[in-house]
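Record features, source Swiss-Prot:
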type	residues	note
TRANSIT	1-59	transit peptide
TRANSMEM	71-91	transmembrane segment
TRANSMEM	105-125	transmembrane segment
TRANSMEM	129-149	transmembrane segment
TRANSMEM	167-187	transmembrane segment
TRANSMEM	191-211	transmembrane segment
TRANSMEM	227-247	transmembrane segment
Amino acid sequence: MAATLPLSPINHQLCRFGNNSLTTHRFCSPGFLISSPCFIGLTGMGSATQLRARRSLISSAVATNSLLHDVGATVAVLGGAYALVLSFESLTKRNVIQQSLSRKLVHILSGLLFVLAWPIFSGSTEARYFAAFVPLVNGLRLVINGLSISPNSMLIKSVTREGRAEELLKGPLFYVLALLFSAVFFWRESPIGMISLAMMCGGDGIADIMGRKFGSTKIPYNPRKSWAGSISMFIFGFFISIALLYYYSSLGYLHMNWETTLQRVAMVSMVATVVESLPITDQLDDNISVPLATILAAYLSFGY
């Protein structure tokens, strides 16, 4: 039998209820159990077993809480994404905004809002997959409409260039796949996914709007692109990338050396801008070329 230490009057008062297991657990800390008669009826092995059981219960409770948290976050983000597209569908239907502007605003906002919503998910390792479920559902919706299985004319009109259902299987589908890929493989701990989505959503999206409005002077090697669009892509892509990195740094997910980060992001933005300006759109959609080029450049710059 393990030796016990003398008890103070307070010890006696706390532990005289030792026959009641509930009271013992409440008033006798692990320290008391080791050195006092509160340990009546328990062996060292029994105490260790109880501690393991408690840890198991706590772990199960935490896992359940994380699961419910992530399910709720998924529902909220999915609802927000649907509401965003629905609102622009309505605006396009009522001719409040042009189809081309509606498409680009959806392009800009849906991806950036998705990235901004990542912190509402839990800290579990499975949280990224719950987040990725949102673009997965939207991708399935695009496939269903793109194959004309259940076409939604307003969706087609609001997110395509020419209003054809098969267009949903190109740029828009590549777009949601880029969101899914960034969430699963980079998530909140890497600047790579954030920068790639900033360039694809913000930089490329704003480049198109500015190019249409101010793009009279074309780039010599690609008459479909303008200096105004390319300059806008570099500037807005750079600042949106920095804003996202600062956002995640302030929340404690990233730890950046800002002097080198500014230089690296500028370099990545330049690479993405040059790739977007190349005359390869007919062969490779911007929603593939821009995120791929950005991911490669960001990986070479940041290394994680």
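Positions of Cβ are set from backbone N, Cα and C atoms, glycine also.
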Candidates 71-91, 167-187, 227-247; stretch with most C-beta pairs under 8 Å toward the transmembrane segment (105-125): 71-91
Same-chain residue ranges lying at least 6 outside the transmembrane segment (167-187) that approach it to Cβ under 8 Å: 107, 111, 114-115, 118, 128-129, 131-132, 134-136, 138-139, 142-143, 145-147, 155-156, 159-161, 193-194, 196-197, 200, 285-288, 291
Paired segments the transmembrane segment (191-211) and the transmembrane segment (227-247) in contact, 3+ CB pairs under 8 A: yes
Spatial neighbours of the transmembrane segment (227-247) far in sequence, C-beta under 8 Å, 6+ residues away: 112, 115-116, 191, 194-195, 197-199, 201-204, 206-211, 213-219, 254, 256, 261-262, 265-266, 268-270, 272-273, 276-277
